[in-house]
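Features as listed in TrEMBL:
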TRANSMEM  B:7-25  transmembrane segment
TRANSMEM  B:45-64  transmembrane segment
TRANSMEM  B:80-108  transmembrane segment
TRANSMEM  B:114-136  transmembrane segment
TRANSMEM  B:148-168  transmembrane segment
TRANSMEM  B:188-207  transmembrane segment
TRANSMEM  B:219-243  transmembrane segment
TRANSMEM  B:255-278  transmembrane segment
TRANSMEM  B:290-316  transmembrane segment
TRANSMEM  B:336-355  transmembrane segment
TRANSMEM  B:367-386  transmembrane segment
């Protein structure tokens, strides 16, 4: 599984990163987690508002800090 | 951090510590002044202005649908509407300084094009709620309004000029909101009430003691705590009956993130402003007051221009432009140049110039910066002419 967190590096983006790592640890799942801070790369995902959360190239959420249960749900979707 | 940079820092700090003339009266005064300034902020502004403002910012970022606004930035959006929305929407979209550049990039490359993008970039940092509240509170309502109105009007002008100068390359990709619409928890009416109550709490809690003994303002000052507590009670009822529990915890989390991100920088900004310039009306900053008043004390074109240039290249961390301006005004800076600096300052900085350049190229960035500097000079000068 490939997870990307889009954001120029403010504390809100950091929090999404932290929550994702936490959820992965709770579920005991291995995944490549990458922080994308280059704006041009962020634009490739066609989101306007950061932070964005991308799982397996799909935009799961943008513009807010998702709850851990949401992140769990999205990861489960991608595991199927 | 590399060890080499660390060693360099050690050497610089060592040299400073070795040679700093601690016995000098001016330096001692300036150091003390930094703490006086921080204390003034702690006493006057933190509890009843900054904290409510953070809660409002947290509410905005959580409960206002960004997708609804962003629709107006699409490539097929109405041009005129796009300019209008771009120059005003910064008040809610630009609350977090780190959202300005991504939204700018989005409008530029996947949306309504260079004009609205430039308008958003210029107005955003100046009219976000936190900036407006703090400017009005600390620098005075008059310059707060001038800042908001000036940046909205000139955002549109700069946007139009940019799109006239550069033919739009047609947007290649359409940026579409990918997130499914959320289930509405409250009606628009309920949301409006909620925001109005929040703003009123801020206004009444921050109500300053008026100078006149008997007036509408002094009457309001007398009952401000009753009003504030009444509104807090009302807010409690609203939160209890209209909001789900996890929405509330999201709200508190977002508020905390703003505080976490902004307060430390603001704290240092205030200290630096105090150290360099001293509190208003106290000439004991490290930079003598008459130096400031010679440089930008009059409302000449050159003073406005200098202030705009300085603002454009200087990097102001979110909101720190306010204490720095406060120090400058207190040291005799004229109101015109102050507005010029306020307009040009947060709109561009060296770091943001680099990002802009990577997105729209050197030429467009240079023209944008030039426009920002020229416009800010003109607005500052006009404002100084009309109101000073």
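A Cβ is built for glycine as well, from the same backbone N, Cα and C atoms used for every other residue.
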Query raised in the report: For the transmembrane segment (B:367-386), which recorded stretch in the set B:7-25, B:45-64, B:148-168, B:188-207, B:336-355 gives the largest number of Cβ pairs separated by under 8 Å?
Result: B:336-355
Query - Cβ contacts under 8 Å made by the transmembrane segment (B:45-64) with residues that lie 6+ beyond its boundaries - result: 92, 95-96, 128-130, 133-134, 137-138, 191, 194-195, 198-199, 201-202, 205-206, 247, 250-259, 262-263, 266
Report summary line: Answer key: the stretch among B:80-108, B:114-136, B:290-316 with most Cβ pairs under 8 A to the transmembrane segment (B:148-168) is B:114-136
**Report entry** Of B:188-207, B:255-278, B:336-355, whichever stretch has the most CB pairs under 8 A to the transmembrane segment (B:290-316)
**Finding:** B:336-355
**Report entry** Close approaches to the transmembrane segment (B:255-278) from elsewhere in its chain (Cβ under 8 angstroms; 6 or more beyond its ends)
**Finding:** 29-31, 33-38, 41, 50-51, 54-55, 57-59, 95-96, 130, 284-287, 289, 292, 316-320, 323-324, 326-328, 330-331
Query raised in the report: Cβ under 8 Å to the transmembrane segment (B:188-207), counting only same-chain residues 6 or more beyond its ends: which ones?
Result: 48-49, 52-53, 55-56, 59-60, 63-64, 133, 137, 217, 220-221, 224, 227-228, 231-232, 234-235, 238, 242
